[in-house]
Each structure stands twice: as structure tokens, then as C-alpha cells.
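Scroll down for the structure; my scribbles are underneath it.
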């Protein structure tokens with residue numbers, strides 16, 4: 001068992017601490033911290049169980065399972081926040097996931113990997129394809145703001161109708177993107193690299209008991225994750241008021257740190273093993289799932305909770321997400337990375353973090 005896994009398992013103590021803190025009415029800020037830290041190991045266990053099950057059921061259904069549960073933590077927290085009416089927090093967390101995955105996760109991986117290996121390589125064709133998909137998603141998210149600026153007297157219902165239509169198109173593109181990724185000839189080399197990396201960390205054989213155990217782990221952790229997310233969101237508003245934080249800063253900076261923590265560790269550990277292909281795939285793949293899968297689903301299911309979630313995002317948040325995509329695409333287009341490029345991503349993340357903190 002690796003040190004990082006021992007630490008993550010040790011962090012499970014925060015799950016009962018969060019429940020106890022909620023039960024005994026501890027200060028909201030303390031409840032929020034316990035719940036946020038408790039989400040991290042749950043996300044790790046869900047990710048591990050998903051990979052183990054996917055390995056057993058084969059590449060086709062395994063890929064679908066990974067696509068479904070790849071961002072389960074972000075999905076669950078967002079749904080709970082959506083049900084509580086925290087629409088702006090949900091929107092901010094979507095943008096925050098994009099920014100954190102591309103700048104913090106990939107930035108740390110590129111920087112630390114570059115310090116160890118000077119220069120690392122990955123498949124540029126896949127990076128360019130993912131860049132195109134990210135630009136498509138970004139343009140879709142920018143469209144509501146563009147419509148409002150160029151149309152006089154446009155009402156909210158019109159933007160909401162556009163959001164429903166755009167969400168359907170994003171889901172359609174996501175499905176075809178999965179199909180293309182599985183069949184693409186130039187994707188085979190990357191797939192082989194990733195498969196070899198993951199194979200080293202898997203058991204040589206799987207039996208029925210192991211599979212049942214992983215399914216039980218997946219279902220059990222998901223149920224607990226929902227409960228802890230309820231506690232997290234319930235303490236969120238009071239915590240924001242206590243520390244004088246905005247919903248924008250909370251959603252963009254704070255929540256993604258906990259929801260994506262496991263993915264950041266994966267990116268970093270892969271880069272330190274000179275497996276930059278996997279680091280890039282995890283960071284960009286997770287971002288694509290957030291934009292093309294999680295966001296459309298949230299928009300479409302919002303009416304079930306009596307809420308309306310549109311694709312009309314905060315303009316400064318859209319600027320930050322746009323800058324993130326443009327800078328990351330320019331760095332990854334040549335299929336090579338070094339520590340200076342990683343430092344560039346981290347500095348941009350720090351600058352945007354300060355800007356979001358000061359933003360009213």
C-alpha cells in the first residue's frame with residue numbers, strides 16, 4: 001500500500017467527524033472543513049472501485065462506467081447544491097472544475113514532472129483533438145452572454161430554452177466523442193500506454209468475490225458521499241458569511257480543491273513516473289466530462305428540483321475559463337512539456353485565485 005493511499009484511507013476519519021459535528025451543532029465552518037476533507041477519501045475509493053469493475057466487465061462497458069462515474073463527486077455535490085437553490089455556486093463550481101483541472105492539476109504535474117525529467121512527451125494529436133472539443137464547449141457556454149449583449153429585450157426564458165437545447169447537443173457530442181476515442185487509430189498508442197500504466201497497479205486476477213466487494217464499495221461510498229455532500233452544502237452558506245467569501249470564489253476555488261483532489265494526485269504521480277500521457281489524459285479528460293456530461297445533465301435535471309439552471313455564466317468566470325483553455329491548449333499542442341510551462345499554469349491559477357477572491 002502506497003503512502004498516498006494510506007493517507008487517503010486515514011482521512012476517512014473525517015466522515016464520522018463531519019456527521020458528529022453536524023449532529024452536535026458544531027460551528028458551521030468546522031462542519032464544512034470536516035465534510036470537505038471527508039469527501040476526498042470517498043472520491044478516492046469510488047475512483048478505485050470504478051477502475052476495478054471496469055477492468056472486469058471489459059473495455060466497452062468499462063469505458064462507459066468510467067465515463068459515468070469519472071466525475072461522480074462533482075456531480076453529487078452539484079446536485080445537492082442545486083437542490084438547495086445555490087444556483088450561482090453550482091455555476092461557479094463548473095467553471096472552477098475547468099480552471100482547477102487545467103491549471104492546478106496539470107500545472108503541478110507538468111512542473112514537478114519537468115523538475116525530475118527536464119522534458120516530457122505525450123501524443124500531440126490527442127491533445128489537439130481535446131483542444132477542439134474544449135473550444136466547442138467554451139463557445140457554447142459563451143453563447144448566452146453573446147446573445148444577451150446583441151439582443152435588446154431578450155428575456156430569461158429564452159436563455160433557459162437555449163440552455164436546454166445546447167445541453168442536448170453537448171450530450172450528443174460527448175457520446176460521439178466517446179465512440180470516436182474508442183475507434184480512433186491514432187488513439188491506440190495512447191490507450192496502450194495508459195493501459196500498461198494501470199495494469200501495473202491492478203491485481204493479476206479477479207474473482208467474483210472481489211467484483212462484488214468493489215460493487216458494494218462503489219454503491220456504499222456513493223450513498224455516504226450524498227450524505228456528506230448534504231452536510232457540506234448545509235454548512236456552506238454560513239461558512240461563506242463567516243469568512244466574508246463570495247459564492248463565486250467558493251464555487252470556483254474552494255469546492256474544486258476537494259472534489260478534484262484525487263485527480264490531481266493521479267496527475268502528479270503519473271508525471272513523476274514519466275507517464276505524462278496519463279497526466280494529460282486525466283486532466284483534460286476530466287475537464288471534458290465536466291463540460292460535456294456533468295453540466296448538461298445538471299441543466300436538464302434542474303426542473304426536477306424546482307430550479308432553473310441556465311448556461312448564462314458569470315462573465316469574469318467565463319473570461320478565466322477561456323484564458324485557461326487557450327493557455328493550456330497552446331502549451332499542450334506540441335506534445336512536449338517542461339517545468340517552466342507548469343510554472344506558467346500555476347502562476348495563472350494563483351493570479352486568477354486572487355482575482356476571484358477580490359471580485360465582489
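Glycine is treated like the rest: Cβ placed from N, Cα and C.
TrEMBL: automatically predicted annotations, no manual curation.
TrEMBL annotations:
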DOMAIN    29-181  domain 'Sodium/calcium exchanger membrane region'
TRANSMEM  30-49  transmembrane segment
TRANSMEM  61-82  transmembrane segment
TRANSMEM  94-117  transmembrane segment
TRANSMEM  129-150  transmembrane segment
TRANSMEM  162-180  transmembrane segment
TRANSMEM  215-236  transmembrane segment
DOMAIN    215-356  domain 'Sodium/calcium exchanger membrane region'
TRANSMEM  248-266  transmembrane segment
TRANSMEM  278-301  transmembrane segment
TRANSMEM  313-332  transmembrane segment
TRANSMEM  339-358  transmembrane segment
- Out of 162-180, 215-236, 278-301, which stretch touches the transmembrane segment (94-117) the most, going by CB pairs under 8 Å? 278-301
- Item | Dominant neighbour of the transmembrane segment (30-49) in 129-150, 215-236, 248-266, 313-332, by Cβ pairs under 8 Å | 215-236
- Task: Mind tallying the domain 'Sodium/calcium exchanger membrane region' (215-356) by DSSP state, helix then strand then coil?
- Result: 119 helix, 3 strand, 20 coil
